[in-house]
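Trainee: OK, TrEMBL features for this one:
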type	residues	note
BINDING	H289, H369, H579	Fe cation binding site
REGION	617-637	region 'Disordered'
COMPBIAS	617-635	compositional bias 'Basic residues'
Amino acid sequence: MPSNVPRAISITAPPTPSHEVPILDVDDTVTAYWDYQFLFVSQRAEAAEPINLRLVEGEIPLDFPSGTYYLTGPGLFSDDHGSTVHPLDGHGYLRAFTIDGTNGQVKFMARYIQTEAQSEERDPVTGKWRFTHRGPFSVLKGGKIVGNTKVMKNVANTSVLRWGGRLFCLWEGGDPYEIESGTLDTVGMFDVIKDDRKKMSDVEGLKVDVWDVAAEILKPILYGVFNMPRKRLLSHYKIDARRGRLLIMSCNAEDMLLPRSNFTFYEFDSNFKLLQSQEFIIPDHLMIHDWAFTDSHYILFGNRIKLDIGGSMAALCGLSPMISALTVNPSKPTSPIYLLPRNKTESINGQNRDWRIPIEAPSQLWVLHVGNAFEDKHHNGNVEIQIQASGCSYQWFNFQKMFGYDWRSGKLDPSMMNLKQGQEKLLPHLIEVSISLDKNGNRHKCCVNDLNQSNKATDFPVINQDFSGGRNTYVYAATTSGLRQALPNFPFDTVVKLSTIDKSMHATWSTGRRRFIGEPIFISKGKEEDDGYLLVVEYAVSTQRCYLVILDSKLIGQNNALVARFEVPRHLNFPLGFHGFWDPREQLEFHNKIEKRKPKHSVKPVRGPPLVASRRRRRRLREGVRGTRRSRTRAGRGAALPRTRPYYLAGRGAGRWVFLPSLGTVAAAAAARQARSGSNQQRTGAQNEVSLCLSKSLVLGWERIWAFAVLPFGIKGIKD
Ligand SMILES: [Fe+2]
């Protein structure tokens, strides 16, 4: 690693020559290493009020579905007392991009998650940081080392979810934090599985053995001394779109140390009512980050781990990160895949297959992320299961060197994330796992193939979520162009679109030089699987800028794939995010919150999106339904809403709304009529707008004339 590469740098500090990125004509290796450091630069500033992002290229198309893209990840890597932390231990920094498809604007907000750890480590008066929690992947230099039992540092930095009208930030090992969606204020920790704690969950495979005794000895230490939660929620959840369910999974705290795993699966309806929970005890030492589901199964890829005695001793003494107590276990040449029954009361395929017996994939495979899984049941009783995922080699994966972070030096060494030519297959890449079960549930076939013919490092597979749990054709992911001489494999700089049918398909969109991307996310706008847009954040490290990029998913691979690029102001530039969530419903509530926060008696022109959802739409949102069959069928064909939005003069007076509609009210009614033949999203926007006009106009006397004027059009629009 070049010696002149800096450690984590605060970009909010006044720029000094030592913080500037080197110019391009220096040695390419040095530039590449420098660039990588700037992906993990701390951002201490927040954007508590929404700001408009500057459009620098293209424009948002009229048919873009309005909504909010949430992206979470770490925001802080160094404190004010000399300690640095692993990127996985950085305090959660939530970013929200609210996209208004009708007026072509993007508003941006960013807030730290106010976790318990943050309240201890950040001085509320001075804003100074002092890390006191070790975190699982870090060693403190400026804080207490020996005897520091603050290991489980829930920083809520890994994934984000909107469900049941609530917004959450999740972490791999604790309860999620609930966030107020309009302000990004932290509400507090949310006990997702409280209903399950009240009752004994159904335990599969329970038997008393030596590991039960060991677990009972460990529990008071883990719970009492290390303050670990009994159930460790995983950050990766699943949404069964067809059933309208949220699926989450937990492990037991003692699973980290024992060769036995307790996996509990929970299924919630759209109102967060717990529908079922099942616990499975598997006699193996496993590490699960992501998992899959089908109509009948929960699917676990058993990444095998083992306890490192030497590492455990060093970790307990504070000399190494706690994660050094674990290491990968390549003792077996195969990889276990557990097919766990989603409903234990129903036999699968007429047979009760023993789920304790894993399907052994023929090679070692460390699975990182799952894109999708589905199953087909044939008339002869056979079952075909297919899983699309990203995986890497046991030879490459290393707990202590993820993201290239060297806890000894506190520096990032990206060479670990890159390998020499010819070794690319050890790096993360996309795979397709095919499993065949005969009518008796016995394994007939299990094979692992590359999802496509590319040998470039690839991760973060995503699909159109409307197809989650069902058969899909397209997979999108982050990959590399391979054009950089130094560090050709990571960070990623390319979005790839793959087909599960046409294996030769490898359509890509790449950023420019010295620009990188995070996880892409798909936004559906029509009935075809790839009819939609891709969102991805682009990190232009050479200019220290972040951009929100919108791509046309159908045009990936062509020169005109880029739809729009919005620039985040430099003072709000942020580090690499982890996982995101697209909430098409967020627009309404977001702007309601903004309206409520405006000072009373102020009179400001309000230009914007609908504030009130129709009753039918609200019912759909509660039930998690995207649209009726009729509306979905009509989606995508029809006229777009007018680009010009109506203006309103709004404010508060005498405790009630004073609302003066302009001619835009009539325009809204016209829009409703026009959108009647448009997509579901367009129709909903127009209906909301007419609802708004009617409800506000009826408040004041003389405005009722406007209400009567638009009533025939409005009601017709709403009813449709
Ligand atoms: Fe992940």
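Each residue, glycine too, has its Cβ placed from N, Cα and C.
Automated prediction, rather than curation, is the source of TrEMBL annotations.
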Trainee: So what sits near H369 (Fe cation binding site) in its own chain, CB-to-CB under 8 Å and at least six residues off in sequence?
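Mentor: Within the chain, H369 (Fe cation binding site) has Cβ neighbours under 8 Å at H236, H289, D290, A389, S390, D459, F460, P461.
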Trainee: Three states by DSSP: which one describes H369 (Fe cation binding site)?
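Mentor: Note: H369 (Fe cation binding site) is in a strand by DSSP.
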Trainee: Just checking, which of H289, H579 (binding-site residues) has the fewest C-beta atoms within 10 Å of its C-beta?
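Mentor: Checked H289, H579; of these binding-site residues, fewest Cβ neighbours within 10 Å: H289.
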Trainee: Apart from H289, H369, H579, which residues in this chain have a Cβ no more than 8 Å from the mean position of the Cβ atoms of those residues at the Fe cation site?
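Mentor: Result: T158, S159, S235, H236, D290, L368, V370, F460, F578.
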